[in-house]
Structure formats: structure tokens, C-alpha cells
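Let me begin by presenting the structure, written as C-alpha cells, before commenting on it.
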Amino acid sequence: MVNVLINGYGSIGKRVADAVAKQDDMKVIGVTKTKPDFEARMAVEKGYKLFAAIPERKHLFEEAGIPVEGTLDDIIEDADIVVDGAPKKIGKANLENVYKKHGVKAIIQGGEKAGDAQDSFNSLWSYDRCYGKDYIRLVSCNTTGLCRSMYAINSVADILKARIVLIRRAADPNDVKTGPVNAIVPNPVTVPSHHGPDVVSVIPELDGKIMTSAVIVPTTLMHMHSIMVETSGTNRDEIIDALAKTPRILTLKASEGFDSTATIIEYARDLGRSRYDLNEIAVWEESVNVVDNEVYMMQAIHQESDVIPENVDCIRAMLEMESDNLKSIEKTNKAMGLIK
């Protein structure tokens, strides 16, 4: 049983904490918050030991009546690994100023740059490369989703060229500061977007073969990808079969009512998923087509949760708990109650 510390109990951190708590080979020894908000109070109510991420703010938790065990410095030495859930750029600072200082292994999230850590993690592609490493970046929700679908295609044919258009959600449901509310925004307006190079950080063999562009639209539920991949040769049945065999990919049919991201999220709700999380990505089966060996398909990504099982697998890889990535994936999925 290894000790996991969650530094930053926010959108990602609270989900990783719950996922780790469900495993039988790891435990959450504590979570941190920078301020005494409702998430901090709920962390304590769920049984997590709460620590102040910033020592000077410990008294704020006490004044708010939220039990706090101490500060980050009081618990970090007990951790075998830290999962950083801090906002973009803060993770890198934590890595340099906190984790390396204390000599503790750490996972930073996809908002940081590839060069900020020793490698970039995806359970299907880079588990072996990250095995035993000290500092790893867990790639973003979009990159995670693309890595899964590229894995499926690559299992039946060589990828010659990949072109992806990303239709990104404007903000998470709890974010009232981000937009747009009434616009479609190229983000970035230049091509390629950062997503292609980010995929290459996980799959180096796609260097020079992947091109991405991205726009932001006024929705909060999910991202969507329109994928076009030139291959060495395949057909629709092979791709459908490959998607079915690839972990953490669901093939859903519009003919059965899955005609939008809204109905996919409704499905997650009906499954009884906590926070309506869909850790699996969803591919519309009717969108899958192959013309002259070029694969076309559309997929949806739940931006708050598809990276969560990958964090668990990354812990096992970095702490050398399981050498077989597929066994780790299966173990994580079973504990979290994933469909596949």
C-alpha cells in the first residue's frame, strides 16, 4: 500500500483522490487546499485529512471552522508520490520548489509544458517509458483522448497522416469567469494548435504526421474531435473492432439516442457516475468511415474526468507497482467501475 498525497483538491485533484481511494494498493494520506471553501469542507466530510497548501493561510481554515491537520510541509515527507492538481503554471513551480526539494516523486498535469517533467504519460503509449521515473506530466484531456483513438487505429494500420479539428468547450460547468458566451473563437488562430505537438510528446512516431486546429464554442459539457487519419490500409469493420477492443473507448450510436454531447452526459448521469464523469471517451459509431484507407470519425471527451484513471496508472508506473500497463488499466477500471 503506497501513500498518495493530493496537492490541490480542485477539479482534477478531488477526482484523483476519489479514484485512488477506491484502489486496494494505494491510499490517500492527505489533500491540500489554498483556501477554506466548500471543497475544503467537503474533503473533510468525506474523510480526507486536509492540509493547508500555503502555511501562512492555515489560520484561515481554523477561523472558518474547517479542521486542518497542518500544512503541506507537515505531510509531504510521508508521501511516496504527490499528484499535483494545481492550476496551470503552478504545477511547474511546485515541482521545482517543493517536490524536488523534498525528494518526493510527483505527477503534474497537462497544463504544464512537456519539457517541465521527465516524460509525458498515457496509459496505452508511454507506461513503460515512465516506469520508475520521478517526475512525470500527465497530458491534458484532449491529448489523452487523441492518444486513445490513435492507439486503436494504430493497432490495425500504420498511421501516415492525422488531421484533427478540436471543438473545445468554453469552460467547465463551475467556471463563471471564462467564455465565450456568444461566439466561436479560434484557439489558437494559428495552425497547428498545441494539441498535435502534445500528442507527439507521448507518441514520438507521429512527429511530422499530425496536424491539429482548435476552436472554442459556448458549451460546458464536453470537447469534440473530428478526426481524419490516412493509414497504410484498413476498413470500417477493422476500425470498429479496434475501438471496441481499446480500453476506455466507448462506441455509442446516434440511432440509440446518443445524438449530442448532452445525451452522452445524460448517459453518464443515468449510470450513476459521480459528478456525471465519463472517464471513457465516446466515439459515435455512425461517424466511423474509411474512404481510400483514410479513417474518419468523431469523438467526445469529458474534459473533467478522462485523465483520472490515467493518474492512477501513472502512480503504479512511477512507483514500479505493476510492470504490465494493461494489467494496471484493468485493475484501475475495475476499481473505478468503468465500462471498459
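Cβ atoms here come from the backbone N, Cα and C positions, even for glycine.
What Swiss-Prot lists as active site, nucleophile is CYS141, and the listing cites sequence analysis. In the three-state DSSP scheme, CYS141 (active site, nucleophile) falls into the helix class.
Residues or ranges marked as NAD(+) binding site by Swiss-Prot: SER11, ILE12, GLY111, ARG169, GLN303. For the recorded site, ILE12 (NAD(+) binding site), the DSSP three-state label reads coil.
The D-glyceraldehyde 3-phosphate binding site annotation in Swiss-Prot covers SER140, CYS141, ASN142, HIS195, GLY196 and is backed by sequence analysis. Using a 10 Å Cβ-Cβ cutoff, HIS195 (D-glyceraldehyde 3-phosphate binding site) registers 23 neighbours. Following the DSSP three-state reduction, the secondary structure of HIS195 (D-glyceraldehyde 3-phosphate binding site) is helix.
Distance from the CA of ASN142 (D-glyceraldehyde 3-phosphate binding site) to the CA of ILE12 (NAD(+) binding site) is 14 Å. The C-beta environment of GLN303 (NAD(+) binding site), restricted to residues of the same chain at least 6 apart in sequence and closer than 8 Å, consists of CYS141, ASN142, ARG169, ASP172, MET222, HIS223. Under DSSP, GLN303 (NAD(+) binding site) is assigned to coil, being neither helix nor strand in the three-state scheme. The Cβ of GLY196 (D-glyceraldehyde 3-phosphate binding site) has ILE164, ILE210, MET211, THR212 as same-chain neighbours under 8 Å, each 6 or more residues away in sequence.
The binding-site residues considered are SER11, SER140, ASN142; of these, SER11 has the fewest other C-beta atoms within 10 angstroms of its C-beta. Counting only same-chain residues at least 6 apart in sequence, those with a Cβ under 8 Å from the Cβ of GLY111 (NAD(+) binding site) are PRO87, LYS88, LYS89, GLY91, SER140.
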